[in-house]
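Quick look at what Swiss-Prot lists:
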{"type": "BINDING", "residues": "H68, D101, E164", "note": "Zn(2+) 1 binding site"}
{"type": "ACT_SITE", "residues": "D70", "note": "active site"}
{"type": "BINDING", "residues": "D101, E136, H350", "note": "Zn(2+) 2 binding site"}
{"type": "ACT_SITE", "residues": "E135", "note": "active site, proton acceptor"}
Amino acid sequence: MNRSDTLDLSLNLMRRPSVTPEDHDCQAVMAERLAKAGFQIENMRFDDVDNLWARRGTQQPVFCFAGHTDVVPTGNLDNWNSDPFAPEVRDGILYGRGAADMKTALAAMVVASERFVEKHPNHKGSIAFLITSDEEGPSINGTVKVIETLEARHEKMTWCLVGEPSSTHQLGDIIKNGRRGSLNAVLTIKGKQGHVAYPHLARNPIHLASAAIHELCETVWDQGNEYFPATSFQISNIHAGTGATNVVPGTMAVTFNFRYSTEVTAEQLKERVVEVLQRHGLDYDIVWTHSGLPFLTPVGELVNAATHAIKTVTGVDTQLSTSGGTSDGRFIAPTGAQVLELGVLNASIHQINEHVNVADLEPLAEIYEKILEQLLA
């Protein structure tokens, strides 16, 4: 097996058990490499979260690589074929937590930047890195706090490439040029607890709310558009009752989520839900939490640079997509930056025996380098 710079750095990062919000010196490893390439290093720690802001250059335009060093928990170690934090290459496949999501992309970003700077020491504009250890967790003290800090000092990005694993069947076949918004709610329906044999003395919140819940499930919220699928409503949890078979519950809690397109706003969705609940005469409380606005980067400089780089390196004609969950791109896009996500295959992310093709690592670094060349050389 031929070793590569990208593989070696990937292994170094993957050996560090950086389960969110831990960083385990992953950012220090990256920062050391970047400092040698002329980057100014700034560590931003908020509560228990480590963040790295590194920048080479002081001028516009600014190209930023963004990503996260934290990983999700491993689950039952007995189910892994090898230690998730002792990465192994078997038959050309790199196994370990963070292989796909997203330590190999971090390594590729660093290597691409080193190579680009060596060839173009006087490149135009600036190259930056925004790296957090709070992407897989609550995302409270990570990218969003760094962005707030940068905004306060009027430090802007022009383009941002998030190294999330975007590919589906082969490297570069999909890049995410946007994401849907995410709106969560915990709805509590109030009834009156009682004995099941005396229903006239109780008010069953399950029965009371069933028609309204059915209506919410059947509602067409919008038709989507050329960039986004239609808004989806999904119930994730329902809880009611004491566990006893002879007690009518006093309350029922329903947790649900909207993944919404740019055709509606979070406020419009809230209003429509409240209208349904009130029309059905329910006594309720509802608590909303907003995880992120939808964002879209239309075809332009960044998308064109990425699609051309992918075609040059892999021969693949990439497709643009806004599917999938949220990413930290949702915190960066509102600054006005063009944002897209481009990384390795995502089939094994968050799973037992997470893995990535070793053969994809150097091409990913090449793609990142060619994007830099088109925008900053």
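Numbering starts at 1 and runs along the chain as displayed.
Even glycines carry a Cβ here, placed using N, Cα and C.
Shown on the structure are the features that Swiss-Prot records.
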residue : record                       : Cβ neighbours (10 Å)
H68     : Zn(2+) 1 binding site        : 33
D70     : active site                  : 25
D101    : Zn(2+) 1 binding site        : 27
E135    : active site, proton acceptor : 28
E136    : Zn(2+) 2 binding site        : 21
E164    : Zn(2+) 1 binding site        : 28
H350    : Zn(2+) 2 binding site        : 14
8 Å Cβ shell about D101, E136, H350 centroid, Zn(2+) 2 site members excluded: V71, V72, M102, I349
DSSP-derived class (H/G/I helix, E/B strand, else coil) of H68 (Zn(2+) 1 binding site): strand
Near-site residues: Zn(2+) 1, ref H68, D101, E164, CB cutoff 8 A to centroid: G67, M102, A105, E135, E136, V162, G163, P165, S327, G343, I349
H68, D70, D101, E135, E164 screened against H350 (Zn(2+) 2 binding site), Cα within 10 Å - retained recorded positions: D101
Rounded Cα-Cα span from D70 (active site) to E136 (Zn(2+) 2 binding site), Å: 7
Rounded to the nearest Å - Cα separation of E164 (Zn(2+) 1 binding site) and the residue listed as 'active site': 12
Reduced DSSP assignment, E164 (Zn(2+) 1 binding site): coil
Alpha-carbon spacing, D101 (Zn(2+) 1 binding site) to the residue listed as 'active site, proton acceptor', which is rounded to whole Å: 11
Inter-residue C-alpha distance, E135 (active site, proton acceptor) and H68 (Zn(2+) 1 binding site) (nearest angstrom): 6
